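Peer 1: Relevant sequence annotations retrieved from TrEMBL are reproduced here:
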type	residues	note
BINDING	68-73, 102-106, 126-127, 138, 147	NAD(+) binding site
BINDING	180, 241, 258	Zn(2+) binding site
DOMAIN	64-175	domain '3-dehydroquinate synthase N-terminal'
DOMAIN	177-318	domain '3-dehydroquinate synthase C-terminal'
Ligand SMILES: NC(=O)c1ccc[n+]([C@@H]2O[C@H](COP(=O)([O-])OP(=O)(O)OC[C@H]3O[C@@H](n4cnc5c(N)ncnc54)[C@H](O)[C@@H]3O)[C@@H](O)[C@H]2O)c1
Ligand SMILES: [Zn+2]
């Protein structure tokens, strides 16, 4: 078992990582809850919902299964869950358990944050990517104009990570999650990123996975403890997300996974960093790693450039019409830069040329 504690302004909460943890959830409840609502999705329910429900001895346990996928982070789904919570008689002493990937964590967390002005919730991540999303208390749903536009900071009561649940993840989701671990390496630690970039995900053992998850969670935990509300260093976690989010939005949500989009965004961020900072970065290594691990490498067509720029400008990170990007002075040393749209457009063009030569 691995455990660490996160200190946030509202509360301190444990992150516990252990194989088979879903059979022992009760042990981690630090108070008696009047009722419990488990929120999960239809890919996870058959596999793990009964295990979690069966590990609780509460008399009033309810569950709600939402369709899997990003589309569930919607106002309609949010409203249905509030209706379910009200209809089931949840009160201010109730608990919500978000059992799933980042979609369920963000959605279930936002329901908990706003139900009767906020009740406790526990994150039970079931994807690799959710090692990132379950820590730090950012919860949100999407608006049709953009991702995560409706949300708040609301720390969970605990993060209970049963690593055994990761065994049923499809390879595509393994790949998606590893992009965020690599991001944590690139912004903080040359050793972790070197190790990851030399690594084929198809040879991944469960020990290696646990070590990588632990390393990633530590990076995230240190950053969110220092800057809970993203006024400073927390922005570094957005490496690869400026172009990444724009790719997700312009290709259509679900076409590529969040992590696949972030991997493409990181490649672009390294390209821009090399020019802005006048340094050499592991651009080719990242490109080869993406190839070996079968990340889709997005071909940016001329017609798409204007849409991408528009999308990057409407990102909630952008300030006064500038596009905000996280760049690297070197691996392990990130910096936030606000670039005007004409320079970003020029960088997209030189990036397209560079990619053609690879
Ligand atoms: N709050 C944050 O700080 C933060 C950080 C990063 C990402 N996010 C959000 O996280 C979301 C992406 O999360 P995700 O990649 O986990 O997506 P997801 O929740 O959609 O899960 C990916 C897919 O895997 C399936 N799945 C989940 N667990 C499984 C398991 N154990 N076995 C088999 N299949 C399983 C799901 O049904 C889904 O189809 C995005 O909405 C993103 O905005 C939030
Ligand atoms: Zn992300």
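We number each residue from 1, going along the chain as drawn.
Every residue gets a Cβ built from N, Cα and C, even glycine.
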Peer 1: Mean pLDDT across the domain '3-dehydroquinate synthase N-terminal' (64-175), rounded to an integer, is what?
Peer 2: 96
Peer 1: If I take the alpha carbons of residue 258 (Zn(2+) binding site) and residue 72 (NAD(+) binding site), what is the distance between them in whole Å?
Peer 2: 15
Peer 1: I'd like to confirm something. Which of the binding-site residues, 104, 127, 147, has a Cα closest to the Cα of residue 180 (Zn(2+) binding site)?
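Peer 2: Result: the closest of the binding-site residues to residue 180 (Zn(2+) binding site) is 127.
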Peer 1: Rank the binding-site residues 147, 241, 258 by how many other Cβ atoms lie within 10 Å of each Cβ and give me the one with the fewest.
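Peer 2: Ranked by other Cβ atoms within 10 Å, the binding-site residues 147, 241, 258 bottom out at 147.
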Peer 1: Tell me the Cα distance separating residue 241 (Zn(2+) binding site) from residue 102 (NAD(+) binding site), rounded to the nearest angstrom.
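Peer 2: Just about 15 Å between their Cα atoms.
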Peer 1: Which chain neighbours of the Zn(2+) site, leaving out 180, 241, 258, have a Cβ atom within 8 Å of the mean position of the site's Cβ atoms?
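Peer 2: Filtered neighbour residues, in order: 129, 132, 179, 183, 240, 244, 259, 261, 262, 265.
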Peer 1: Taking only the Cα atoms, work out how far residue 72 (NAD(+) binding site) lies from residue 241 (Zn(2+) binding site), in Å, as a whole number.
Peer 2: 21
Peer 1: Rank the binding-site residues 70, 106 by the number of other Cβ atoms within 10 Å of each Cβ, and give the residue at the low end.
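Peer 2: Each of the binding-site residues 70, 106 was scored; lowest Cβ tally within 10 Å is 70.
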Peer 1: Which of 68, 127 (the binding-site residues) has the most other Cβ atoms within 10 Å?
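Peer 2: Of 68, 127, the one with the most crowded Cβ is 127.
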